[in-house]
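What TrEMBL records for this protein:
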- 12-31: transmembrane segment (TRANSMEM)
- 69-89: transmembrane segment (TRANSMEM)
- 101-118: transmembrane segment (TRANSMEM)
- 138-159: transmembrane segment (TRANSMEM)
- 171-199: transmembrane segment (TRANSMEM)
- 205-223: transmembrane segment (TRANSMEM)
Amino acid sequence: MMLSFFDQFMSPTYMGIPLIALAITLPWILYPTPTSRWINNRLLTLQGWFINRLTQQIFLPINQEGHKWATLLMSLMMFLITLNMLGLLPYTFTPTTQLSLNMAFAVPLWLATVIIGMRNQPTAALGHLLPEGTPTPLIPVLIIIETISLFIRPLALGVRLTANLTAGHLLIQLIATAAFVLLPMMPTVAILTATVLFLLTLLEVAVAMIQAYVFVLLLSLYLQENV
């Protein structure tokens, strides 16, 4: 029986138990635990340097009030990067190809930024719904458009992450299937196809990291508007 290419995105189960919980738990096991010693090993030093550089890059334009979110957002970024990278290994499952999981990350965090803006500076938060200098006849239309745009943000966050990872995995599987089928008939073409597959895999590794960065970067921009 021929399986569908989309079967790889189904959440696997074992004895009726969804394995997505195991896939979500796994990243926390892979990272070394920081110690209280003054001198760490090379892995901990590299991990700390990487996290510090990303934190400075993302929170540089945000004021001091928004720096409270650093631990949450950086943990989310490392979590997403690890899930995306683990999903590129053979015989693995990528939880971030599930729209429900991505929306579970996007909606609460986006809603938290909106609530903070409404609580701390309601005038400025509502002011984003109407650009300055708008002609009077266009005010009702623009308010409706900006409101719709505001509520679409979490959907765009989740769909962007899901669509990019799903498209990359599908393309890798299609090219791998083509290389496997062409190997006995046209070995030269199969080798060229395998070369393209290797380059595409490298690109997908970059996409896996970039999409996690973009997800957190957009959340930080939403936070910047409301603090």
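Residue positions begin at 1 at the first shown residue.
The backbone N, Cα and C atoms fix where each Cβ goes, and this holds for glycine too.
Ranked by number of Cβ pairs under 8 Å to the transmembrane segment (69-89), the listed stretches 12-31, 101-118, 138-159, 205-223 are led by 205-223.
Outside the transmembrane segment (101-118), and at least 6 residues removed from its termini, the chain residues within Cβ reach (under 8 Å) are 20, 24, 72, 76, 80, 95, 124-126, 150, 153-155, 157-159, 161-162, 215, 219, 222-223, 225-227.
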